[in-house]
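Notes follow the structure.
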Amino acid sequence: MNIEQFQSMLEEKGITLSSRQLEQFKIYFETLVEWNEKMNLTAITEKEEVYLKHFFDSITAAFYYDFSKPFSICDVGAGAGFPSIPLKICFPHLKVTIVDSLQKRINFLNHLAQKLELSDVAFCHDRAETFGKKEGVRESYDIVMARAVARLSVLSELCLPLVKVGGTFIAMKGAAANEEIENGKYALEVLGGELKEMSTFQLPFEESERNILLIEKKRKTPKKYPRKPGTPNKLPIEK
């Protein structure tokens, strides 16, 4: 996906990028590749691949959810900033918090935010399991997002405790999401969530399947969740 295709395909979806926003994506790409030489941020470094598989793929969430309001967003395990930083570039009014367990990725994100001149962004070096217990952040976000971090039964325990009641958990998945949903339904129920919508589409050019799940937070999450670091992965909430 070259820059012209990136721009026009977003335009088709009603997302018009200014020259400043296009410049921010250019800086993002250059910074990602530069830092990737000294630490492992991504296996994808070829320009057209980054624009497709990182930038465009992250923004696809906005094809199925309206980001036009100044929502507070928490991105769990964002790594090099996906999906929340590409969304922040497109929708500058968003208030973004990224939680990542690796300090060197947080260092990269702090540097990136300076280079992109982003405001209303916060980067927290923490495990989602401990972050989700903290007063002031627990059940405080309009939207919590994660892209391909873990299977749904595990991911729900990391993300739903952070979503305010009435808010949305957006899980961005690859193929075979149906099986994940089936296995994850019980966890959603236990944690206070309900699957509202699942959208399946093909990522352009490479035609690989993507699924975006919109999960509404219906009830408060029981206090015992999230459990201790590592437990959700070892003992997922499944029947």
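In case you wondered, yes, glycine gets a Cβ from its N, Cα and C as well.
For reference, Swiss-Prot has these:
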BINDING   G77, F82, A128, E129, R147  S-adenosyl-L-methionine binding site
In the structure shown, with every protein chain counted, which of the binding-site residues G77, A128, E129, R147 has the densest set of Cβ atoms within 10 angstroms of its Cβ?
A128
For S-adenosyl-L-methionine: widest Cα to Cα gap among G77, F82, A128, E129, R147 in Å:
20
Return the count of C-beta atoms lying within 10 angstroms of the C-beta of F82 (S-adenosyl-L-methionine binding site), excluding that atom itself.
24
Three-state secondary structure, E129 (S-adenosyl-L-methionine binding site) (per DSSP):
helix
Three-state secondary structure, R147 (S-adenosyl-L-methionine binding site) (per DSSP):
strand
